[in-house]
Amino acid sequence: MGIFSIANQHIRFAVKLACAIVLALFIGFHFQLETPRWAVLTAAIVAAGPAFAAGGEPYSGAIRYRGMLRIIGTFIGCIAALIIIISMIRAPLLMILVCCVWVGFCTWISSLVRIENSYAWGLSGYTALIIVITIQTEPLLTPQFALERCSEIVIGIGCAILADLLFSPRSIKQEVDRELDSLLVAQYQLMQLCIKHGDSEEVDNAWGDLVRRTAALEGMRSNLNMESSRWVRANRRLKALNTLSLTLITQSCETYLIQNTRPELITDTFRELFETPVETVQDVHRQLKRMRRVIVWTGERETPVTLYSWVGAATRYLLLKRGVISNTKISATEEEILQGEPVVKVESAERHHAMVNFWRTTLSCILGTLFWLWTGWTSGNGEMVMIAVVTSLAMRLPNPRMVCIDFIYGTLAALPLGLLYFLVIIPNTQQSMLLLCLSLAVLGFFIGIEVQKRRLGSMGALASTINIIVLDNPMTFHFSQFLDSALGQIVGCMLAFIVILLVRDKSKDRTGRVLLNQFVSAAVSAMTTNVVRRKENRLPALYQQLFLLMNKFPGDLPKFRLALTMIIAHQRLRDAPIPVNEDLSVFHRQLRRTADHVISAGSDDKRRRYFGQLLDELDIYQEKLRIWEAPPQVTEPVKRLTGMLHKYQNALTDS
């Protein structure tokens, strides 16, 4: 396929994007909005953003969800701008500097919250800056400008959502159904590999792939939840299926680790059962029936606890999977599964990374302000806006440098493209709304094709071109103003890129260490006799942290194995029959406090000291377990955990 070819699957979204732009343009001029450009720009960004992220037409609900986030972010930004202006209108320079700090603060928050919701915070930061900069000449018009901006953005979002509904968006439901079947087959094949106890690298690749697929399934669940209210029951089941899938991975990997020291625990009966190859979910269903009969026949006590737990989790997975596919009423048995343990939310391990993002964004905006004041450039406000937009959006993504490069390419491409529209097309079509709409529809259609291919610069070119062409009411054609706007965008992107290059993000190793210590803390916190604490479901949070670790350190198998071992220790200790008495309960609290000190330690020396204290306390704890005659189900996991912490002490304490 050629570089400029158009694939059939890309046409529908390109038409959808063109329709959203035309609708926003028509409504903006019909209702005599002062700057219909904002409505058109909003419609284009809201529609094209999810397509660029997905690399194709986004699934149903994605555009609506992004639109809602944009509305929330705009209102937060407008309120913040009003507060800043009212408080500091007599000190314009201080007002702009405080607004720069606000943009950095919003970027800091967006780096800590869920990636799906971070868009609203990033948007609220640069919305406030846009308002503060725009009203410099007429500060008394601030409330009117904020209201107009909110109205234009709501119109643009409404047009994007309407266009999405008109062109029958794709439903993700069929993809979810297929993935549920495929995932269960892959889970069974992972257990086969672990029972065989073959090549460790093959097992690592298999469970790593399953962790990624389970995380992807959770993302599909979010999309399905956004799609329609009729999937509420399926959404509840998919939440439980996420935990069950992670449980299956954990039990399989623990089965592999157990065979390193006690291979005799896996009897020949189960080895023969798992030798049967499976290709479909029906094959897995038949095998599970056979296993349940064998477990009933041999008895629970004669069945390895990991296999017993795995078969139970796989059976529950099958039951909920059928419910998701049929979307029928939740049965009493399913309700019992769904009313399981409360899920504990993950605590961010990227606080240092978020602070780096804060300084990058704040310094970029302050540098832009100083450049504007020093040069007295008439388009300094446009340059400031681009700095805020680029840094706010780039900081939330894994590779901010590439986002900046994308914007630089986009603004460079927007210069000749905008020139064509400014000098030739718009002056010759402004007398006819039909021709004006058609000209912008053509722009939206062809850039919509490139956006779906994730062409470098396509997203930036779409936003930058719409931003510099004349779509105001009434239209005025001042070439110097156009050139200033176009150059301001380019300079703003380049200044943001320079700051990102100069302010290095060296938080990767620190984030990795914090993640590993959080795994240790989770394993230690599982040693408790508190009934409420034992019922907490930390598995999704732990695997979310493992997924982040895999993304931060691709190919670092020792880190992945250590993290997985800590997750297995957490699950085993959580279910272990720890003796209930006051002496152990007090010591459990002491262990948790020490583990928390390890995570929060500000220096390597403190961290080593607290980690050494934790190891000493674990040795004392093992002695207490011996005194209180704890069963092997408790003493063996604690001994394995202590051994792992001794072995990887340097990796867990050094920066």
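Glycine too: its Cβ is placed from the backbone N, Cα and C atoms.
Averaged across the topological domain 'Periplasmic' (1-12), pLDDT for the predicted model comes to 67. Taken from Swiss-Prot, the feature topological domain 'Periplasmic' covers 1-12 (among others).
Note on the transmembrane segment (13-33): residues 6, 39-40, 42-44, 46-48, 51, 56-58, 148, 151-152, 155-156, 159-160, 162-164, 166-167, 433, 436-437, 440-449, 451-452, 466, 471, 473 of its chain, located 6 or more positions outside it, place their CB under 8 angstroms from a CB of the stretch. Residues or ranges marked as transmembrane segment in Swiss-Prot (evidence: sequence analysis): 13-33 (among others).
Helix first, then strand, then coil: DSSP counts for the topological domain 'Cytoplasmic' (34-37) stand at 2 helix, 0 strand, 2 coil. Per Swiss-Prot, topological domain 'Cytoplasmic' is recorded for 34-37 (among others), and the stated evidence type is sequence analysis.
Feature annotation from Swiss-Prot assigns transmembrane segment to 38-58 (among others); the stated evidence is sequence analysis.
The annotation topological domain 'Periplasmic' is assigned in Swiss-Prot to 59-68 (among others). Sequence-distant contacts of the topological domain 'Periplasmic' (59-68) (same chain, six or more residues past either end, CB-CB distance under 8 Å): 46-47, 49-50, 116, 119, 157-158, 160-161, 164, 169-172, 175, 223-228.
The transmembrane segment feature in Swiss-Prot is assigned to 69-89 (among others); the stated evidence is sequence analysis.
Among the features that Swiss-Prot reports, transmembrane segment is placed at 93-113 (among others), with the record citing sequence analysis.
Summarising the annotation, Swiss-Prot assigns topological domain 'Periplasmic' to 114-120 (among others) and lists sequence analysis as the type of evidence. Remote same-chain partners of the topological domain 'Periplasmic' (114-120), defined as residues 6 or more beyond its termini with a Cβ less than 8 Å from a stretch Cβ, comprise 65-66, 69-70, 72-73, 76, 222, 396.
Annotation source Swiss-Prot lists transmembrane segment at 121-141 (among others). Non-local neighbours of the transmembrane segment (121-141) in the same chain are 69-70, 72-74, 76-78, 80-81, 84-85, 89, 92, 95-96, 99-100, 102-107, 109-110, 113, 149, 361, 365, 381, 384-385, 388-389, 392-393, 395-396; each lies 6+ residues outside the stretch with a CB under 8 Å from one of its CB atoms.
Long-range contacts of the topological domain 'Cytoplasmic' (142-151) within the same chain: residues 33-35, 38, 74-75, 78, 81-82, 85, 127, 130-131, 134-135, each at least 6 residues beyond the stretch ends and with a Cβ under 8 Å from a Cβ of the stretch. What Swiss-Prot records for 142-151 (among others) is topological domain 'Cytoplasmic', and it gives sequence analysis as the kind of evidence.
Residues or ranges marked as transmembrane segment by Swiss-Prot: 152-172 (among others). Sequence-distant neighbours of the transmembrane segment (152-172) (same chain, 6+ residues past either end, Cβ-Cβ under 8 Å): 12-13, 15-17, 19-21, 23-24, 27-28, 31, 33, 35-36, 38-43, 46-47, 57-61, 63-64, 67-68, 70-71, 74, 220, 223-224, 227.
Taken from Swiss-Prot, the feature topological domain 'Periplasmic' applies to 173-369 (among others).
According to Swiss-Prot, the transmembrane segment annotation covers 370-390 (among others), on the basis of sequence analysis.
Helix, strand and coil residue tallies for the topological domain 'Cytoplasmic' (391-406), in that order: 11 helix, 0 strand, 5 coil [DSSP]. Taken from Swiss-Prot, the feature topological domain 'Cytoplasmic' covers 391-406 (among others).
Feature annotation from Swiss-Prot assigns transmembrane segment to 407-427 (among others); the stated evidence is sequence analysis.
Here the transmembrane segment (431-451) has long-range neighbours at 6, 10-11, 13-22, 25-26, 29, 40, 44, 48, 51-52, 417, 421, 425, 458-459, 461-462, 465, meaning same-chain residues at least 6 beyond its ends whose C-beta is under 8 angstroms from one of its own. According to Swiss-Prot, the transmembrane segment annotation covers 431-451 (among others).
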Top stretch by Cβ pairs under 8 Å to the transmembrane segment (407-427) (candidates 38-58, 69-89, 93-113, 370-390) is 370-390
Per the Cβ filter (under 8 Å) with a sequence gap of at least 6 from its ends, the topological domain 'Cytoplasmic' (452-458) is approached by 10, 13-14, 51-52, 55-57, 405-406, 408-410, 412-413
Comparing 38-58, 93-113, 459-479, 482-502 for Cβ pairs under 8 Å with the transmembrane segment (370-390), the winner is 482-502
